[in-house]
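S.K.: Taken from TrEMBL, the feature L-aspartate binding site covers A:GLU168, A:ARG212, A:SER355, A:ARG359. Here TrEMBL flags A:ARG212, A:ALA213, A:GLU214, A:ARG220, A:HIS221, A:LEU222, A:GLU352, A:GLY400, A:VAL401, A:GLU402, A:ARG403 as ATP binding site. The feature Mg(2+) 3 binding site is assigned by TrEMBL to A:GLU352. Feature annotation from TrEMBL assigns Mg(2+) 2 binding site to A:GLU352, A:SER355. Taken from TrEMBL, the feature domain 'Aminoacyl-transfer RNA synthetases class-II family profile' applies to A:135-429. Summarising the annotation, TrEMBL assigns region 'Aspartate' to A:190-193. TrEMBL lists A:PRO83 with the feature site 'Important for tRNA non-discrimination'.
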Number of protein chains: 2
Amino acid sequence: MRKFTSEISEEDFGKKVTLYGWIHEVRDLGGLVFVVLRDREGFAQITLPKKKVKQEVFERAKNVRRESVVKVVGEVKKEERAPNGFEIIPEEFEVLNEADAPLPLDVTEKVPAELDTRLDHRFLDLRKHRVFAIFRVRSEVLNATREFFHERGFIEVNTPKIVSTATEGGTELFPITYFEREAFLNQSPQLYKQTLMAAGFDRVFEIGPIFRAEEHNTVRHLNEATSIDIEVSFTDHNGVMKYLEELIVYIHERVVENCEKYLNWLNVKLEVPEKPFERITYDEALEIVSRKEEIPWGEDFSTPALKVLAEHMQGYYFITDWPTESKPFYAMPYENRKEICKSFDLMKGWLELASGAQRIHKYDLLVERIKAQGLDPESFGFYLEAFRYGMPPHAGWGLGVERLLMAMLDLKNIREAVLFPRDRQRLVP
Amino acid sequence: MRKFTSEISEEDFGKKVTLYGWIHEVRDLGGLVFVVLRDREGFAQITLPKKKVKQEVFERAKNVRRESVVKVVGEVKKEERAPNGFEIIPEEFEVLNEADAPLPLDVTEKVPAELDTRLDHRFLDLRKHRVFAIFRVRSEVLNATREFFHERGFIEVNTPKIVSTATEGGTELFPITYFEREAFLNQSPQLYKQTLMAAGFDRVFEIGPIFRAEEHNTVRHLNEATSIDIEVSFTDHNGVMKYLEELIVYIHERVVENCEKYLNWLNVKLEVPEKPFERITYDEALEIVSRKEEIPWGEDFSTPALKVLAEHMQGYYFITDWPTESKPFYAMPYENRKEICKSFDLMKGWLELASGAQRIHKYDLLVERIKAQGLDPESFGFYLEAFRYGMPPHAGWGLGVERLLMAMLDLKNIREAVLFPRDRQRLVP
């Protein structure tokens with residue numbers, strides 16, 4: 001029976017197992033050859049004493065090139081000197097696909113490589129357990145997120161990525177040729193998830209790609225990213241902030257529970273944050289920041305400003321009550337102080353992970369805000385129609401999967417959190 | 001406490017509940033007004049005897065326009081003449097957002113509408129329970145799929161949608177302007193999920209958008225669709241066909257279990273299919289078809305040909321062993337009969353739902369097949385590199401979510417299975 005290396009336990013001692021994997025290392029001691037087989041879950045030592053294994057098996061193992069793919073069938077023997085306390089004495093050793101040499105990237109990490117080189121040969125880079133572990137955690141994050149929302153009566157939706165309208169004005173969009181027309185790649189499901197509130201869906205979530213033609217290359221921007229989006233009717237910004245902090249806690253719990261090994265590979269000690277997260281208003285944040293950085297009221301915080309703020313804040317926290325002019329047109333202004341709105345960002349340190357708000361649900365106010373931001377209501381045809389025939393009050397947010405992984409796993413570059421990142425320069429692989 | 005209309009039961013009789021929803025109908029009998037409130041889960045009768053409710057509440061309910069959004073707080077009373085056996089006597093009746101009149105689309109379905117009109121005003125169309133039900137089932141299908149794969153050790157991945165290489169040659173791709181370069185929208189995660197096999201991920205799945213610039217408008221084609229893709233190492237076409245039929249059965253079980261109400265709204269009697277699904281080779285299918293339709297050996301089946309075949313086949317079935325030349329370059333030819341390959345389609349009736357194969361994992365054979373199909377190996381740089389340094393044997397498939405929903409729910413047009421479909425003409429909403 002086929003097993004992952006990590007599935008071999010004392011119960012297998014004396015039994016025959018089948019392993020598939022890659023040749024991590026071969027040590028040839030003459031009459032004795034040690035092969036380290038690697039699969040995604042761990043390593044196994046294959047021991048070949050010349051006198052105890054078939055000659056063809058011995059020869060194959062001795063000569064196999066590193067990173068070749070093999071099938072090994074053999075008996076598991078207790079061996080305390082082996083890294084996992086066992087070894088396999090193979091009766092079969094089949095090379096399923098021989099690797100060329102030299103390798104363009106060292107999988108054992110004895111030779112460190114630049115990120116660009118790693119990404120150029122990403123399939124080899126991902127064979128490193130430390131790198132693979134990020135995507136094992138990512139998969140768990142996605143699964144936990146879906147469980148969380150399905151259990152709470154949310155409907156999972158897929159909204160179009162090819163669109164005719166810009167969500168927040170025309171900037172930062174990738175143009176696409178849609179037959180004889182111009183279209184764009186959607187930068188956010190915003191207009192569609194709001195439309196679904198008008199459709200009576202009550203609560204929706206989507207996990208999907210978003211596309212932003214941002215010119216600048218930074219360690220926290222991607223041109224194609226994965227976003228977790230929700231929209232909820234009959235609630236306000238406080239209601240969806242509660243969902244957000246509960247989700248973050250749930251994700252941490254699930255990752256701690258199910259990814260211990262992978263967190264160890266990453267050398268990350270993950271702690272489950274406590275609810276509720278700290279809340280700080282924009283005005284309060286501005287006051288802290290202004291001791292060191294000059295930011296005029298109404299403007300977004302610069303990176304240096306956020307780094308000042310981060311020195312004062314522990315763990316995850318919300319910045320609330322943003323200036324209306326600093327947020328998109330659909331954010332709901334406070335009734336009694338229209339220059340600020342019911343908007344929030346979820347932060348960890350200086351990193352913005354999510355952004356959300358109670359939305360405007362009244363047609364007239366929405367048109368007014370669209371115009372105030374210098375946009376043309378005419379270009380929001382289908383979206384605006386949804387506000388005329390029974391749009392409920394609603395709120396929502398978008399959370400960047402890669403940003404969340406950066407925060408959880410303390411990654412220094414957002415590209416580490418994507419299998420095949422897209423940035424200003426990178427379109428391949 | 002807020003409840004959905006469907007959550008009100010005998011236990012609530014005599015208690016106060018809060019309902020949010022849309023005005024489905026108002027019947028004014030003078031001294032008595034009946035309002036039917038609709039939410040996504042059902043209906044509730046709001047009864048307003050003039051003498052028993054506050055005057056302002058009575059006036060508001062009497063005058064509220066259809067499809068307006070309301071909040072109703074009131075006592076639940078047993079009332080056998082009401083559709084659900086209860087009525088609400090409101091003490092609060094707040095109009096949260098008044099709908100304009102006339103409505104561009106009738107939500108009560110008394111006036112039937114063309115699909116195009118329905119899609120133009122999709123937010124109103126989706127308020128119909130029969131239409132909403134499709135997306136409730138869709139959400140369940142997605143959730144069941146993820147559960148199925150997470151339980152089986154698959155890693156959920158997201159591969160890029162902006163790519164530089166065409167998967168299967170240059171046709172049917174939407175071009176995009178990626179800064180100063182040309183790029184494309186990916187038509188399938190094929191090359192990336194195979195690359196992840198070389199990365200040692202062993203088993204991956206992805207649920208994400210795929211984009212095809214197909215010129216023809218049919219009832220079963222979309223230009224943007226959602227695809228469930230898997231790729232598995234150390235197995236062959238039979239191994240992944242087994243996953244596919246198990247998944248289909250699991251999805252049916254879960255939908256039958258959790259979506260009874262929605263299936264009733266759709267008037268669909270869903271039966272769980274039995275495993276294993278029937279398997280028929282291409283040659284056998286061709287023989288059946290050729291009694292009525294002339295298809296030369298090696299060609300794909302036309303729609304009329306598939307309709308002939310469908311008359312002979314019950315439920316879900318596989319067509320296997322396709323001519324190598326009819327399938328993409330990465331399909332593995334049989335060793336002993338190279339003109340056919342280890343490829344399969346999953347069918348229901350005349351509808352193709354999924355397509356898969358054991359893939360070629362040997363570099364030389366792959367290059368040979370790329371050339372044989374008139375493609376240039378040079379344009380497959382990063383993909384081919386992955387085959388040189390330890391690519392395991394592997395197999396996989398892609399399953400169209402919308403096609404599956406068509407098959408399960410007996411939908412006549414694939415556009416019914418998408419919230420906001422994209423086709424040759426439609427880019428809005």
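Counting starts with 1 at the first residue shown.
Note that Cβ sites are derived from N, Cα and C of the backbone, with glycine treated the same way.
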S.K.: Which of the recorded positions A:PRO83, A:SER355, A:ARG359 has its Cα closest in space to the Cα of A:HIS221 (ATP binding site)?
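M.R.: Nearest in space to A:HIS221 (ATP binding site), counting only the recorded positions, is A:SER355.
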S.K.: Return one of helix, strand or coil for A:VAL401 (ATP binding site), based on DSSP.
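M.R.: In the DSSP reduction, A:VAL401 (ATP binding site) maps to helix.
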S.K.: Given that the record lists A:ARG212, A:ALA213, A:GLU214, A:ARG220, A:HIS221, A:LEU222, A:GLU352, A:GLY400, A:VAL401, A:GLU402, A:ARG403 as binding ATP, what is the largest C-alpha to C-alpha distance among them, in Å?
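M.R.: Largest Cα to Cα distance for the ATP-binding set is 19 Å.
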S.K.: If we skip the immediate neighbours and take only residues 6+ beyond the ends of the region 'Aspartate' (A:190-193), which ones have a Cβ under 8 Å from one of its Cβ atoms?
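M.R.: Tertiary neighbours of the region 'Aspartate' (A:190-193) are 157, 159-160, 163, 165, 167-168, 204, 206, 229-231, 328, 330, 380, 383, 396, 398.
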S.K.: When the Cα-Cα distance from A:VAL401 (ATP binding site) is computed for each of the recorded positions A:PRO83, A:ARG212, A:SER355, A:ARG359, which gives the smallest value?
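M.R.: So, of the listed recorded positions, the one sitting closest to A:VAL401 (ATP binding site) is A:SER355.
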S.K.: For the region 'Aspartate' (A:190-193), what's the mean pLDDT in this predicted model?
M.R.: 96
S.K.: Sort the recorded positions A:PRO83, A:ARG212, A:ARG359 by C-alpha distance from A:GLU352 (ATP binding site) and give me just the closest.
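M.R.: For A:GLU352 (ATP binding site), the spatially nearest of the recorded positions is A:ARG212.
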S.K.: By a simple count, how many Cβ atoms lie within 10 Å of the Cβ of A:ARG359 (L-aspartate binding site), its own Cβ left out?
M.R.: 27
S.K.: What are the sequence-distant neighbours of A:PRO83 (site 'Important for tRNA non-discrimination'), meaning same chain, six or more residues apart, C-beta distance under 8 angstroms?
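M.R.: Result: A:PHE43, A:GLN45.
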S.K.: Whose Cβ, among the binding-site residues A:ARG212, A:ARG403, has more other Cβ atoms within 10 Å than any of the rest?
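M.R.: Of A:ARG212, A:ARG403, the one with the most crowded Cβ is A:ARG403.
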